[in-house]
Amino acid sequence: MRVVIDQDLCGTTGQCVLTLPGTFRQREPDGVAEVCVATVPQALHAAVRLAASQCPVAAIRVIESDAGDDERASADPARSPAEAERHAAKDQRIPGGHDGTV
C-alpha cells in the first residue's frame, strides 16, 4: 500500500498527523501535509485508511496494491463534484487574500 496527498487540496488541518504522526507530517512553514513513508507497513493499513477517511478535504488517497497486480486506487480516481468544486475554488484564489472580484 502507498498513500499520497494532494498538496494543492490539503487544508492544513493536521488531522492526518494527529491520526498517524509517523506516517504523516506537516511541512514548515505552510503546514501542508506530507507522507513520511514510501510504502505503508501492513500493520498500519487500517490506520492509514482511517486517516484518509477523516481528512476534511479528501486530500489523502490510498493506493492498494497486490503482489503481481497493477496498483489500484481505493477510491474512484475521478473527482467527485464536491472535490472538483474545492479544486476550482482553490484555483481561483489569489495570494494576498484578494479573491479577484471587483
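These residue numbers are counts, starting from 1, taken along the chain as shown.
Every residue, even glycine, has its Cβ placed from backbone N, Cα and C.
Taken from Swiss-Prot, the feature [3Fe-4S] cluster binding site applies to C10, C16, C55. The compositional bias 'Basic and acidic residues' annotation in Swiss-Prot covers 82-93. As annotated by Swiss-Prot, region 'Disordered' applies to 66-102.
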Just checking, which of C16, C55 (binding-site residues) has the fewest C-beta atoms within 10 Å of its C-beta?
C55
C55 ([3Fe-4S] cluster binding site) - helix vs strand vs coil (DSSP):
coil
With every protein chain in view, what's the tally of Cβ atoms within 10 Å of the Cβ of C10 ([3Fe-4S] cluster binding site), excluding that atom itself?
22
Around the [3Fe-4S] cluster site formed by C10, C16, C55, list the extra residues of the same chain whose Cβ is within 8 Å of the site's Cβ centroid.
I5, G11, T13, Q15, F24, A33, A51, P56, V57, A59, I60
May I ask you to report the DSSP-based helix, strand or coil state of C10 ([3Fe-4S] cluster binding site)?
coil
